[in-house]
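Trainee: This is the structure I want to talk about, given as structure tokens.
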Amino acid sequence: MALSEVYWDHQIPLPKLAPVQAKVTVALVALLCFINSYDGEFVFDDSEAIVNNKDLKPTTPLNNIWNNDFWGSNLSSNSSHKSYRPLTVLTFRLNYLLAGGLHPVGFHVLNIILHAVISALMIDVFAILIGGLAYDVKGRILNHAPKTSLLAALFFATHPVHTESVAGIVGRADLLCALFFQLSFLTYCKAFNRGRFSVQWVVVSLLLCAAAMLCKEQGITVLVQSIFLCKVSEILRMGLLTRLALMGLGGLLMLYARWRIMGTGPPAFTEVDNPASFAENIFLRMVNYNYYYSLNAWLLLCPWWLCFDWSMGCVPLIKSATDWRMVWLLLLWCILIGLISQALCSQDSQRRRTLTLGLVLLVVPFLPACNIFFRVGFVIAERVLYLSSAGYCLLLAYSVGHCCCRWSKYRKLLCVSVLALLCVCVARCALRSHQWRSEQSLFTSALSVCPFNAKVHYNVGKNLADRGNSTAAIAYYREAVRLHPTYVHAMNNLGNILKERNELIEAEQLLSKAVSIQPDFAAAWMNLGIVQNSLQKFEEAEQSYWNAIRFRKKYPDCYYNLGRLYADLNRHVDALNAWRNATVLKPDHSLAWNNMVILLDNTGNLGQAELIGREALRLLPNDHTIMFSLANVLGKLQKYKESEGFFLHALRINPNAASCHGNLAVLYHRWGKLELAKKHYELSLKLDPEAPGTRDNYNMLRRKLDQLKRPTP
């Protein structure tokens with residue numbers, strides 16, 4: 001069906017480009033915005049979703065991605081977030097395989113390319129939403145709004161709110177969801193080519209919708225966009241009942257499958273994650289939800305203040321109807337009601353279609369994040385605006401065209417303004433994507449946006465501690481605890497640093513408070529046990545370790561520390577049992593294996609020590625510390641040749657180990673290879689002049705060598 005060109009399109013201050021040229025231009029602009037994030041690190045949520053996610057590794061069965069959530073936890077677990085995105089995890093796994101490991105460049109490059117492709121395809125989507133669905137004689141979609149769709153696509157490509165989705169690797173879920181959303185929508189439109197209705201294309205569209213949903217949950221909202229397109233397009237009224245039945249059935253099947261996959265029910269979030277959803281007063285709950293909506297709208301309108309996390313005091317709750325922030329809610333709804341009234345009541349059919357479909361694209365993809373259907377685990381998340389921003393960009397491009405028509409004498413000024421806006425957006429994207437290149441720059445950038453966000457201070461402190469700056473980290477951890485007095489993770493990390501600095505009393509107080517606030521915090525119980533052990537509170541330490549194991553059944557590090565406690569108390573059998581449990585739970589637990597060998601060696605159980613050492617090396621064939629301990633045992637058993645082999649192998653791996661040179665020298669000394677003993681004593685003393693016993697042994701050897709050199713009378 002032939003449609004006329006959109007009347008405001010020729011007023012848009014952009015050149016009219018051929019379809020391929022327009023798409024290449026948009027893709028290049030999208031690349032320009034985010035290209036400087038290509039060599040960034042794994043940051044923030046990347047640690048859990050990628051670095052620590054076993055589903056990415058080739059050794060993990062591929063079937064696991066269909067049983068686990070986005071973060072690698074089993075969907076049946078109570079701790080699972082129920083975010084079922086197996087296709088996204090599959091792309092992470094492919095990145096891992098192609099790069100031969102966890103190398104972030106490949107992950108980042110794919111994200112940037114995906115955004116460029118999505119931005120280019122937005123031209124086709126916008127063309128249909130603005131100009132309607134029509135085909136030429138060759139069956140190609142006609143673009144009746146080439147300039148408006150190009151401008152909207154440029155706005156989309158350069159919107160700074162996309163930085164989290166593009167520069168943050170976990171944003172891959174939003175990118176893939178958007179890509180399959182577009183493909184599903186465009187495929188649905190193909191069902192009406194050349195005046196015929198094709199059931200096959202609708203089925204393909206539903207399959208692509210399912211793929212979008214397997215990338216991220218909001219992918220199913222493409223069905224709503226397609227249904228609304230039917231309402232405003234004459235050509236899409238062919239086979240209406242058949243299509244609605246197919247789409248309704250498909251949507252219900254997808255929702256049912258999603259519900260079955262969730263297993264134990266919806267995820268459990270805490271008040272810290274989403275404080276408004278825990279407000280007892282329904283009125284205040286709805287007020288705060290609407291305030292969150294207004295903040296999301298502000299991020300679309302003015303994306304200058306961006307933050308990786310908006311929880312923990314970043315957005316204080318509205319607790320009274322007299323709060324001045326109520327103005328933003330009223331303003332938001334006044335604007336929405338105004339747009340809806342224009343979409344419904346305008347005499348201009350082109351305006352009605354554009355506003356209706358723009359509002360649907362703005363609002364509907366945001367619905368899964370709006371707390372209406374279920375509680376979400378965040379206050380504001382910039383990544384969830386990726387698809388919704390397309391609706392905003394469409395409305396913004398329409399506004400530019402409307403202004404150009406109404407104030408044509410100011411067309412040059414509008415042209416300069418649009419160009420300036422695009423340049424500012426490109427610059428802001430480049431700046432923000434640079435901040436996402438490392439955790440240090442990402443976390444510190446948030447301090448000026450959300451200075452009262454305890455999690456921001458916590459993450460800055462954690463990053464500083466990881467880089468060895470514990471003094472600065474302490475200040476940020478203390479501030480996190482001050483801002484959020486029940487922040488148990490900050491207390492735990494601060495207690496750990498104080499423990500390392502031997503400030504044991506305060507460390508014990510902090511860790512005790514953490515476990516009193518969250519009694520099932522296994523890591524805090526273990527750290528409390530370590531501190532109590534250092535304070536020689538042995539009974540309390542043992543109880544703390546067992547509490548940790550009670551709340552986390554498979555906790556090899558806790559068994560290891562429990563074994564150290566038993567060793568200090570000369571409870572050798574208990575120590576060995578604890579370390580054996582650690583190695584059963586974690587077969588590559590080097591410290592537990594090594595401590596078993598050393599304890600058995602020190603207690604004279606050389607035969608058992610040899611067996612344990614050999615068992616450990618079968619699992620850890622390149623562990624030089626176990627080689628060293630086993631070599632000592634073999635030396636005492638007078639198996640000098642084998643002992644020498646393990647010492648030399650350990651030195652090939654770690655040639656600067658003074659203790660290894662020293663003990664090898666003792667072996668040669670006993671064995672009668674005095675020149676070799678002298679050589680390794682000297683190497684040991686060169687590496688560590690204060691090595692205990694080594695100088696005495698060296699002096700003893702020199703006296704013996706002097707005696708041997710004296711002529712016999």
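Placed from the backbone N, Cα and C atoms, the Cβ positions cover glycine too.
Residues or ranges marked as domain 'DUF1736' by TrEMBL: 265-337. The repeat 'TPR' feature in TrEMBL is assigned to 454-487, 488-521, 522-555, 556-589, 658-691. What TrEMBL lists as transmembrane segment is 112-135, 201-229, 235-257, 289-306, 326-345, 357-378, 384-401, 413-431.
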Trainee: Take the C-beta pairs under 8 A between the transmembrane segment (289-306) and each of 201-229, 326-345, 357-378. Which stretch has the highest count?
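Mentor: Comparing 201-229, 326-345, 357-378: 326-345 has the most Cβ pairs near the transmembrane segment (289-306).
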Trainee: Output the single range from 201-229, 326-345, 357-378, 384-401 maximising the number of Cβ pairs under 8 Å to the transmembrane segment (112-135).
Mentor: 384-401
Trainee: Can you tell me which parts of the same chain pack against the transmembrane segment (326-345), counting only residues 6+ beyond its ends and a CB-CB cutoff under 8 A?
Mentor: 287, 290-291, 293-295, 297-298, 318, 351-352, 355-356, 359, 395
Trainee: Count the residues of the repeat 'TPR' (556-589) that DSSP assigns to helix (H, G, I), to strand (E, B) and to coil, and report the three numbers in that order.
Mentor: 27 helix, 0 strand, 7 coil
Trainee: Which residue counts does DSSP yield for the repeat 'TPR' (658-691) in the helix, strand and coil classes, in that order?
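Mentor: Its residues fall into 28 helix, 0 strand, 6 coil.
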Trainee: Let me spell it out: take the repeat 'TPR' (522-555), skip the flanking residues so only those 6+ beyond its ends count, and list any with a Cβ under 8 Å from a Cβ in it.
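Mentor: Residues 488, 491-492, 495-496, 499, 504-505, 507-508, 511-512, 514-515, 561-562, 564-565, 568-569, 585.
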Trainee: Below 8 angstroms Cβ to Cβ, which residues of this chain, lying six or more residues outside the transmembrane segment (357-378), approach it?
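Mentor: Beyond its ends, the transmembrane segment (357-378) has Cβ neighbours at 81, 129-130, 181, 217-218, 221, 224-225, 228-229, 232, 266-267, 269, 273-274, 276-277, 289, 292-293, 296, 310-311, 336, 339-340, 343, 384-385, 387-388, 390-392, 394-395, 398.
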Trainee: Tell me the residue counts in helix, strand and coil for the repeat 'TPR' (488-521), as DSSP assigns them.
Mentor: 27 helix, 0 strand, 7 coil
Trainee: Per DSSP, what is the residue count of the repeat 'TPR' (522-555) in each of helix, strand and coil?
Mentor: 27 helix, 0 strand, 7 coil
